[in-house]
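J.: What TrEMBL shows for this protein is this:
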DOMAIN    109-267  domain 'Alpha/beta hydrolase fold-3'
ACT_SITE  Ser191  active site
DOMAIN    320-381  domain 'Alpha/beta hydrolase fold-3'
ACT_SITE  Asp348  active site
ACT_SITE  His378  active site
Amino acid sequence: MRAAWVLLPALAALSAYYVYLPLPGAVSDPWKLMLLDATFRAVQQTCHLIHYLRLSHHLIVLNYLICTFDKLKSVSSEDIKITDAVFDGVEVRVFEPPAKGDESLKRSVVYIHGGGWALASARTSLYNNLCRIMAESLNAVVVSVEYRLVPEVCFPEQYHDALRATKHFLQPDVLAEYSVDPSRIAISGDSAGGNLAAAVCQQLSKDEDLTIRPKLQALIYPVLQAFDFNTPSYQQNMNMAVLPRYVMVNYWIDYLNGDYGLAHELLVNNHTALNVGRALSFRARLNWTSLLPASFKKSYKPVVQATGTAAIVERLPALLDVRAVPLLADDATLARQPRTYVLTCENDVLRDDGAMYARRLERAGVPVTLDHFHDCFHGCMIFTVWPTDFSAGVKTRDSYIKWLDENL
C-alpha cells in the first residue's frame with residue numbers, strides 16, 4: 001500500500017510532465033490543446049516504434065488508428081444526401097442539399113482534405129462533419145476528394161488525383177447531373193489539401209481547353225513552400241503543438257519520397273543555399289522580408305546559407321516544382337488566379353506560407369482576403385465536435401463559411 005502511495009503521485013507527475021507544453025498566452029483552450037498534442041505525440045511515437053521494428057510503415061499504422069478510433073459524434077444533417085462516387089478513377093464523396101423552391105442550380109465547393117498528404121480521409125467524421133455543415137450552410141454541392149496517400153503513392157500522384165477529380169467535375173454534363181451552376185464553383189482545402197487546391201487552381205488557370213474554371217479558391221492554413229524552413233512563423237512556432245517544425249519537414253520528405261537523413265539539411269536551408277544554382281531564380285519569389293507585415297516578421301532574421309548542398313535538389317527536384325510548392329509560381333500564373341481567401345493562424349509554422357501567398361496574389365492583381373486568427377493553431381478548423389471541440393475550430397469554420405457564402 002505504501003508503494004502505491006509513492007507510485008501514484010510519481011505517475012501523475014510524469015503524466016503532467018508529458019502533457020505540459022509551453023504555449024503562447026493567447027492560444028485558446030490551452031489545456032485542451034496540450035492534451036490533444038500529448039495524444040498525438042504518444043500515438044506517433046508508438047507508430048514510429050512499430051516502423052523501427054519493421055512491422056509496418058508508421059504512416060500506415062497511424063492512419064489505421066485514426067480511422068479505427070474515428071468514432072466522434074456526427075453532426076446531424078438529415079437532409080443532406082451523401083454518396084460515394086468515382087471521378088476519372090479518383091474516389092470522391094458528394095454532399096448534396098435538397099432543392100429549395102424554384103431554385104434550379106446550386107453553387108458548389110470542391111474540397112481537398114489535409115493530413116500531410118499521408119493521413120485522414122474524406123470519410124472520417126472530422127471531414128464528413130465539415131463538408132455536411134458546408135453543404136447545409138451554403139446550400140451547395142460539396143465534392144470531397146479522396147486522393148491516394150503516402151506511402152502508397154508520393155508526389156505527384158496526390159496532385160494528379162486532385163486535378164483529375166476536379167477536371168472531371170468541371171465537365172458541363174457532370175455539373176448538370178448534380179444541378180451545379182458552372183459560374184459558382186470554388187476549390188478549397190486545408191493544410192496539405194490547401195497545397196493541392198492551390199496547385200490544381202494554378203494548373204486549371206493554364207488549361208486552354210477548359211470552358212469552366214473555379215470562381216474562387218479558399219485555402220485554410222495551407223502549406224505552400226519547402227524553400228525556407230526558417231520563416232518567422234517556422235522560427236516562432238518550431239515547437240508548437242499539433243505541427244512542430246520537424247514534423248512538417250518529415251511530411252515533406254515523405255511526400256517527395258526522400259530520406260529522413262535529409263531532415264537536418266532542410267531545417268537549416270542547406271537545400272536553397274546561395275551556391276545552389278537551381279534555387280537562385282526562385283529566391284525573389286519567397287523573400288519574406290518584403291512579403292510579410294512587420295507584425296509577422298517581428299525581430300526574426302533570414303537564415304540564408306552561403307554554402308549548402310546542391311545535391312539535395314538533384315535528389316528531390318520537386319522541392320522546386322510549382323506543382324508541389326505553389327508559392328514559387330511565376331507572376332503571370334498568379335495573375336490568372338481567381339478571387340482568393342487565405343486563413344492563417346498565429347500559432348502555426350505555416351502562417352507565413354499563407355500570408356506570403358496572399359501578398360504575392362495581391363501584387364499580381366488578384367482580389368484577396370487574408371483572414372488571420374491570433375489565438376488559433378494549425379488544424380483547428382476540423383476540431384469542432386466533442387471530445388476535440390475547440391472554440392478556435394468553430395470560430396475559424398464560421399468565418400470561412402461566411403466568406404464563401406458572401407462571395408460564391
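Placed from the backbone N, Cα and C atoms, the Cβ positions cover glycine too.
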J.: How long is the line from the C-alpha of His378 (active site) to the C-alpha of Asp348 (active site), rounded to the nearest angstrom?
T.: 5
J.: Take every residue in the domain 'Alpha/beta hydrolase fold-3' (320-381), average their pLDDT values, and give the whole-number result.
T.: 97
J.: Is it possible to get the count of other C-beta atoms within 10 angstroms of the C-beta of His378 (active site)?
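T.: Excluding its own Cβ, His378 (active site) sees 25 Cβ atoms within 10 Å.
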J.: Below 8 Å Cβ to Cβ and six or more residues apart, same chain only. Which residues does that give for Asp348 (active site)?
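T.: Asp348 (active site) has long-range Cβ partners Tyr221, Ser233, Asn237, Met240, Leu243, Cys376, Phe377, His378.
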J.: How many other Cβ atoms are found within 10 Å of the Cβ atom of Ser191 (active site), counting all protein chains shown?
T.: 29
